[in-house]
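Q: Take this structure, written in structure tokens, and hold onto it; I'll ask about it next.
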């Protein structure tokens, strides 16, 4: 079973796998552990990753990058509107209202959803993992930013399904970093001790995330998160791009932003310049040849000037840091360490801002690029039954408060209740109780839209079906279970109706008003399968939840007044009936469409595979032409006649011309046939050359064998002690085989020496190998017979038996030795225990 963690980044992706030796970040086909989040669409296939990155400028309109933030977003979303101007490719509104990506693929215009494009990237990462692991990859853990909303998370989950992956968990990037940090720490405080608080700062290419985590031995608890969803490395790149656009506009009279290819080239150069400035404070040049209209451009920049230009961006570093401390009510002194990850944290000014805020040195014990994917792989190993990993519990948080709204018959309007507060533990379940006579709808939404980096606070609508009144016409008790799951996705996971069956019992005491109130009071039960500490509800929450009944508290008093005052207490039996729930999720892809996307992805993978095979077949022909042409005038020259060489060379030249003309775009089989045709002419020449190389070595080996056996025969005839135990008949057999082999070798050597090198050899290397094997199998068993052992005289054996070991210490130890043996250390069970985990 494979265990894979995927860091799905805005600019680049990483894949880590868990193996017996530990967690390993794997390299792609270019021997690079970083795979660009880039897809290029061509007339016959798709290029994904590094191959697509090289086409960003040459195939700008059909090369897609920076699509991560379009997940779960409508085309009319303000974020999408703002991004349009930065994109080289076109985005369109899909029939569902979501953002689609428009490209030309297979010679026709196609609109792909963000989920489909992400699935293409995931398929590539899956293929990379499979090529390293040499087995299928299905189970994985994928990272997402901690600020992703429900719609965005569901969108990424759909993308994993399209790619044929089973995502065990969508893991917040900061939580993955915290896991990678904490699981290997041996010095964490015990569970009963005060936890160690660590701040994790992750500034990547597109976003800035901060989290505070509390660590105890075997336990990680996220306390709070904060973020700036648009502050990242690309914002610093944009500052440089805008500066040079303005400078080159004045200096060279160029309107750079009017040409997307020029803008892309400038962006690439500015990113390189930014990285150089992180290591150098001196003036650095930026030069681009034939930039626009065949004009060469150049400029300079230094770190000091760059930081002045970035003052507005640097001012945005502190607020999230301050926010997490305020949310957790921690002081700066309570923070044990500040770990930084992400490419943009390498900018010296960013590091300085963070360090100055906390008043301490920053910790860089984690790999800034690979920490997220390593954390995801560790989480996958924890979830997988195939690996034994030390116990480590992870409690995440809900980033935004989630509320439910419903129509309240008693209040003749809508009621609402906050079910999960900001930074509530997750995954988490709660059971809400409603009193209803008919089906009802719950509307889930984020209750603080001002904190949401998303225009629509709605999450989903959940309709609880088949609710009926009790047999006496009263409202039924409906228990609804709401949950934030391991992916951070909210759902109404189940609903059940409590059926009450009553039978009058005269001897039972009368029901009091107090009993009725107690029955109605309990409205919210909390289930906590993944969280160790029970969270207490605040009075405000209790108040809100007590209003979930059909009537308010005042209404319940009125209701009791309508009942007969002398009603006898009934013997109550209850049973529960599961109720169906209809979900209306925001921007959710329906199952039928998802299956279509899965089918289309399979077709595109097959098309890519066929095109790769076709290209490989074409390249094989081209490679063979160049190889044979060089060798015909080189090492193969002596092994082909002049006429044959001339005709073959002409054939090779014709094939080369054909490849660049009529053979430019042919089916795979045409190239396979063409290569076979060339090999029919070239293979005999190649074989003659190989035979001339191998034959002398093998004849030499055969000669050595013959010489060795002749010496042994001579020694036997001279009656030397070493061979006097051998049988004369057997040695005659050896002599006969050796003489036959010598005669065969001399005969073949003479014939071969008379044969021209341009002709096929008289004897092939395989025949010589067979002769060596035949000679060895006949002679070796005979000459390697060991001499028979000579038994010593009986008297000597008797004396040897009488001479026992000194002091009686021999094979049978005496009582003293046995006593000593009892004191020797025996390995205890604890010493024999397996290590806690098999991942270093």
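Cβ atoms here come from the backbone N, Cα and C positions, even for glycine.
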Q: Among 76, 715, 765, which is annotated phosphoserine in Swiss-Prot?
A: 76
Q: Write down the residue from 282, 393, 714 that Swiss-Prot flags as phosphoserine.
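A: Looking at Swiss-Prot, the phosphoserine feature maps to 393.
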Q: If I look at Swiss-Prot, which residue among 89, 184, 208, 624 would I find recorded as phosphotyrosine?
A: 89
Q: Given the candidates 609, 748, 773, specify the residue that Swiss-Prot annotates with N6-methyllysine.
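A: Record lookup, Swiss-Prot, feature N6-methyllysine, residue 773.
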Q: According to Swiss-Prot, which residue among 336, 626, 671 is annotated as phosphotyrosine?
A: 336
Q: Among the modified residues listed here (89, 660), identify the one with the smallest other-Cβ count within 10 Å.
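A: Ranked by other Cβ atoms within 10 Å, the modified residues 89, 660 bottom out at 660.
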Q: Of the modified residues listed here (76, 647, 679), which is spatially closest to residue 53 (N6-acetyllysine) when Cα positions are compared?
A: 76
Q: If you measure residue 430 (N6-acetyllysine) to residue 89 (phosphotyrosine) at Cα, how many Å is it?
A: 45
Q: Just name the most isolated of the modified residues 647, 756, going by other Cβ atoms within 10 Å of its Cβ.
A: 756
Q: Looking at the modified residues 393, 647, 773, which has the shortest Cα distance to residue 76 (phosphoserine)?
A: 393
Q: Just the number: how many Å between the Cα atoms of residue 679 (N6-acetyllysine) and residue 773 (N6-methyllysine)?
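A: If we compare the Cα positions of residue 679 (N6-acetyllysine) and residue 773 (N6-methyllysine), the gap is 31 Å.
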Q: Check the Cα-Cα distances from residue 393 (phosphoserine) to the modified residues 647, 660, 756, 773 and tell me which is shortest.
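A: So, spelling it out, the nearest of the modified residues is 660.
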